[in-house]
Each structure stands twice: as structure tokens, then as C-alpha cells.
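A short write-up of the structure that comes next.
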Amino acid sequence: MAAPKGSLWVRTQLGLPPLLLLTMALAGGSGTASAEAFDSVLGDTASCHRACQLTYPLHTYPKEEELYACQRGCRLFSICQFVDDGIDLNRTKLECESACTEAYSQSDEQYACHLGCQNQLPFAELRQEQLMSLMPKMHLLFPLTLVRSFWSDMMDSAQSFITSSWTFYLQADDGKIVIFQSKPEIQYAPHLEQEPTNLRESSLSKMSYLQMRNSQAHRNFLEDGESDGFLRCLSLNSGWILTTTLVLSVMVLLWICCATVATAVEQYVPSEKLSIYGDLEFMNEQKLNRYPASSLVVVRSKTEDHEEAGPLPTKVNLAHSEI
């Protein structure tokens, strides 16, 4: 069994420190007890070792070399995965099989080592999936919830102090209404400052009367109660309303931009042709005035086909004539 040769190959190919490789080489001959120290770094290979024990039981295979070769294949796969950071498990398997080929010369031991690499592959995939599931993931609605939390904090800080006033309506016997209104007073939030006992008693006594907020003296109690409830509900749920309005505004703006670009008329400016005789052509164009089609008169004469031309005049010899 050429264990030193395999350790040398792993050290040169994978770049591991010699102390770690020496410990792993000793672990190949001492069983699963020494490999437990590297479970936290290289991953757990106990499941792969149990698969090797089921494949090569000692009562069927008296020789322990094949069992140790299979278990060593599990550890070699973990070492290769640790060096490659688990990027490509198929590449890790090929490197593990190459290390087994270099480490063992006999075919039975090589096959057992390759089987260990193959047995460790599904456990490595399962562990990688578990690690990926533990990583934090951002939900799609996280930006909306973040904006809502900011808005809620701002509204809570704005509602920490509010102004309030109380108003009394008294109706006399003659039908006249007398209004008593107090000046606005600042009231702090109950969770920030506890109210004294006398203020609580006065607030309980004031609730027996018709009370209005925001200093509106010419509205009745029912109308003010409905408006107050609506405004309070709006202030509590304003985060979602603001977020929805913002998202819809952005979508409408993008739609307007896309529609404008798609329906815009192409602006084409013809290029001016340069010519040596450009000035002369310009002058000729200015001098020539074309007549309109309405000013042209076409004159046609009727010709008769049956009429023949008249006889030619007689020839006169000028030499025999006397002038």
C-alpha cells in the first residue's frame, strides 16, 4: 500500500500543509476515531464510513485494506472539497479519484477508494444544501416593510406630543347656544410621561361632555367623532398608503416615459448638399418662374382627311422675263 505516495500527491496538487496531511495519513490507518477531530473543518464522514463498513464487512472481506481504502476515499473527498471551497462537487469527485489512483497501486484498493469518493458525494450535497438554507435571504416585500417601519417611527415621534382643547356647549331657555372654549394645551404621549391623578380625574369628567379636537367649535359631536376616527385610522395605516402611492407613481412615470418614446415622431432634418455652383443654381431658381397649369391654353385645329392640298404654282423662268 503506497500511502506516502498518495500523501505527497495530495500535498503537491492541493497545497495543504504537511502537518495536516501527516495527521490525515495517520487517520487512514487508525480508523474513524482520529477523523472525528477534523469533522468541524472537513465535514462529517461518519455516514460514508458506515456505508463502507456495509460494503466491506470484515466477516466477508477478511482483509482490512479495502475497508480502510474506502474510508480513506471519504476523507480524501472531504479534503478536496475543503480546498475547492465546495464550488463544484463533480470536480471534487474527479480530484478524489485521481488521488486514489495515485495512492493505491492495486486495483481492488483503487476501486474501494473510488467507492468511498462516490459514497461521500451525496452527503456533501446534502450538507451544502443545509448550509445554503441557513444563509439569510431577503424577502421581496422587505423594502416595503422597511419604508413602513420608517414611516411608523416618524408618525410615532410626531404623535408624541399633540395639542388639544375642550369646548362646552350650553343652550339657554331662549334657544341661544353659549360656547366655552379653552386654549390649546400640549399633551404628551402616555408611554413617555405618566399623567398625574388630578389630570386623569379631569379627563374623565370632561368625557361626559361633548368634546371636540383640533379647536373646531362649530361642529357637532357626531361629525367630529367620525372625522377623528377616520383621521386616526389614516394616521395608523398611512405607511401602506404612502408606499402604495409611491410605487404606483413610479410605475405611472415609467409608463409615460415608455409611451412617449414609443409614439414620438422621428425628427429627420435633410442634409444640405454642397455644390460648387450652388450660388448659380440658387440664382437660376429665383429667375425662373413657372406658369401655373391654369394659365396654359391649348389650341387645336380640325383637319379633314378627304381634302387634298392645292396645286403648286407654275414655274417662271426669270431669264426669259423682262423686268
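Placed from the backbone N, Cα and C atoms, the Cβ positions cover glycine too.
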Of 73-91, 111-129, 263-281, 282-300, which range does Swiss-Prot call motif 'ATG16L1-binding motif'?
263-281
Across all chains shown, how many C-beta atoms besides its own are within 10 angstroms of the C-beta of Asn90 (N-linked glycosylation site)?
8
Summarise the model confidence on the topological domain 'Extracellular' (36-238) as a single mean pLDDT, whole number.
71
